[in-house]
């Protein structure tokens, strides 16, 4: 990573200039008085000329390293071929601080985008398993998935009512209609679900085909919801054209129609995912403890949630982010982002990257695993038996004679990077001399065949560049961070800001 100067410095130009063709196929003009470098292209119309190609090929053919790369990479995957053995050896899956209680099994979100729900339930299940003395256990991710998808559908239709006066091709309307019910989500959205619907063990509401493979149901729901949005827009226009209808009656009529349309959404979801338990209805869960003894738990989903989140309540936890585009020490939110209408907004305390790391160290030492959001596809290898997230692991710069010089802020600005995945940190290796973390243990939700039995190791350098969010309990955050979070004075980012990406 990092940047370096061009190998061919640009030359200034004035009226009395001299021209020459440089090694990369550009006409360089030099002036004795100008301080600005000006270059003349070989193709003045903006196309790629054969002169360009000849110049580029001459430069590549003269470089032995490029010739070796051509010999090897034409027949092999660049990602598996260009891995660095020294980098892999430098970050072993060994940690001097781990959450003491170990959980099982490694979870698998399969062909769905539910990583945030898996990360949330993987954090919470530590307390459940510890209290009930369980050997293996999973909370029902599909239970939260059902209620989230139903509420996101309602949220989108509410936004359609709210923005019915905007043109259908308005940027906001178009953006909201693009990915209206994503499988992904954010921590505060998970808190909304937990506080409203509670939790159940997986056997109480098990996986269905479409919770594990969500694309078909998503396509159908989006088709109906876009149709419903246009129905509400047409009704809104008709109602507002009638002067005898008050603004309050317009909204109530639109919401009554929305509820009628939502019946179709519920029908599709309950048929494909199954009818979920009601949050206030009692259920009985029977299980075996780790020593094989029979036991059972009785109560409602909300009671189950409250019973097993007493030490580090999700509602008392919040997100620290590292977004170098924006000012640190402030609270941020994203416009029109949410799942439960009228629920807790998505809130971020923006701070320095070291603050995120120290929050993790405090949490792990306190026995609390950490939900975090990152760009998992960047410089990572989750292959079986590997599980490495490290900026030094792929030698792209060496192989292609290039420099990858984008900063973290620039990646966000150019859509190169965003929070694409949520996982759990359950261990950290701290340098004994400096007290600084050097690598992190990452629990993923891609099954045991991913990484080392489902776990990855993340380097400190990778953390700097591709971790954006860490969730911390108020008791483990600094007083200043809690103060900022509780202030309510938030900066609102536009709906399409990359901080609105759903993990």
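We count from 1, first residue shown onward.
Note that Cβ sites are derived from N, Cα and C of the backbone, with glycine treated the same way.
Automated prediction, rather than curation, is the source of TrEMBL annotations.
Annotated in TrEMBL:
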- 1-38: region 'Disordered' (REGION)
- 29-38: compositional bias 'Low complexity' (COMPBIAS)
- 115: active site (ACT_SITE)
- 421: active site (ACT_SITE)
- 444: active site (ACT_SITE)
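Positions of the features from TrEMBL, shown on the structure.
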residue: 115; record: active site; Cβ neighbours (10 Å): 26
residue: 421; record: active site; Cβ neighbours (10 Å): 22
residue: 444; record: active site; Cβ neighbours (10 Å): 25
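Rounded to the nearest whole angstrom, the C-alpha distance between residue 421 (active site) and residue 115 (active site) is 6.
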